[in-house]
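Per TrEMBL, the features are:
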- A:Cys80: active site, nucleophile (ACT_SITE)
- A:His183: active site (ACT_SITE)
- A:Glu185: active site (ACT_SITE)
- A:5-197: domain 'Glutamine amidotransferase' (DOMAIN)
Amino acid sequence: MKIAIIDYEIGNLANVYNAWRRLGQDPVITRDPQVIREAALVELPGVGAIRDAMANLQKFDLIPLLQEEVKAGKFFMGVCLGMHALFERDFEGGTYDCLGFLPGDVVPFETKLKVPHMGWNELEFRKANHWLRQGLPAHPYVYFVHSYHKSPADTPDVIATAEYDGPVPAICGIDNVLGMQFHPEKSGRVGAQLLQNVVDYVQKG
Amino acid sequence: MLAKRIVPCLDVRDGRVVKGKQFKNIQDVDDPVKLGKYYSDQLADELVFYDITASYEKRNIFIDVVRAVAEAINIPFTIGGGIRTVDDFHQVLRAGADKVSVNSAAVRRPELIREAAERYGSQCVVLSIDAKKDGQGSWQVYVDGGRKNTGLDVMAWAKQGVALGAGEICINSMDADGEKTGFDLQLNHALSAALPVPIIASGGAGTMQDFKAVFDAGADAALAASVFHFGQISIPELKTYLQGQGIPMRGAEE
């Protein structure tokens with residue numbers, strides 16, 4: 001399956017690319033509109049700050065293209081900072097308007113626990129029969145590294161949360177838009193299974 | 001609930017894994033990619049690859065190892081050893097590493113931590129500290145593979161490192177390293193209590209109880225090498241044991 005990994009100069013894309021390759025998929029790191037249009041799945045990865053992420057999406061003129069593709073039903077997946085970009089606003093170091101594909105904002109952790117929320121944490125699914133749960137163990141752990149999170153945690157787009165001084169949205173999605181706060185490409189067998197589930201879901205149409 | 005992490009450390013020289021007892025008596029163990037994959041399959045939570053190649057010219061061999069590891073394994077891994085400049089960070093991160101650990105170079109030029117954190121984010125900057133007891137209730141920072149005492153106080157240096165942007169502290173107790181008599185619990189407790197970032201305990205792992213003790217002392221992750229490489233402790237058994245002791249662990253049952 002053709003997967004477009006958006007190259008907008010935010011973070012390291014090698015690991016995202018390697019993860020799809022290990023599953024036998026056909027990823028390409030690109031910002032070429034034609035390649036993005038032809039892909040069955042578009043992934044927005046990202047590690048860094050939202051200010052740079054949104055500025056670069058704008059700089060490379062990707063926002064109208066992504067809006068068009070999502071509207072036309074293309075499966076669009078944001079990971080970590082790429083997930084933050086899916087919401088309406090982000091309060092990391094200012095107030096930034098984001099893509100608005102999913103409802104809610106991104107806010108800093110307010111906790112006495114260590115920040116960033118870093119390491120392996122357990123997914124708790126809000127939706128019992130969600131297609132992403134296929135093949136997962138009873139206690140699926142995934143790898144998180146983040147200092148900001150989606151809020152609130154109880155809106156209908158929240159598919160799974162992780163417990164860190166309260167529920168933290170870990171997987172959010174509506175229809176053909178999906179966000180993962182953790183790094184599936186770094187989450188061992190569980191991460192690989194989640195990515196495989198995405199492939200299966202997109203292929204089924 | 002956030003799990004505590006088990007981290008095997010692989011020392012790599014000229015592209016091969018080795019392990020020294022207190023930096024001496026080095027024995028060959030295995031191929032870094034194979035061993036990394038093995039540990040990842042065993043549910044290690046993270047890996048550290050430490051480059052101990054003496055010659056800077058052979059650096060490209062190690063970068064090839066980093067690239068091959070990134071292609072083969074799907075858990076986070078840290079690269080340490082020989083990191084001197086922001087450009088060194090760039091090279092290993094681009095090859096696929098998730099984090100980079102700095103030690104002596106950061107002592108010589110603390111701004112390296114800030115520069116790397118600003119460019120790549122604190123989450124990928126690990127400050128590694130070789131600590132030795134000073135006999136008066138505190139610890140001193142050593143550099144150059146433990147050969148040189150800097151006179152710096154460990155607690156003060158760790159705090160400065162975090163203020164500069166280090167996202168984690170890896171604390172290696174030189175007194176305990178290679179002895180297999182347990183981690184330095186006092187040192188790990190003091191750092192965990194004082195710092196807002198995760199602490200990776202290193203040096204001294206001998207038994208499964210040692211891991212329990214250091215997690216109880218506040219460490220977020222525990223690093224070990226020879227007990228894993230020589231099969232004295234199996235990671236799945238260790239995780240089952242720790243989970244039974246009430247320590248949150250990732251998927252011993254997976």
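Backbone N, Cα and C define each Cβ position, glycine as well.
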Cβ proximity for A:Glu185 (active site), under 8 A, sequence spacing 6+, ordered by residue number, returns A:Asn15, A:Val16, A:Asn18, A:Ala19, A:Val79, A:Gly191, A:Leu195
A:His183 (active site), Cβ-centred 10 Å count of other Cβ atoms over all protein chains shown, is 24
For A:His183 (active site) and the residue listed as 'active site, nucleophile', the CA-to-CA distance in whole Å is 7
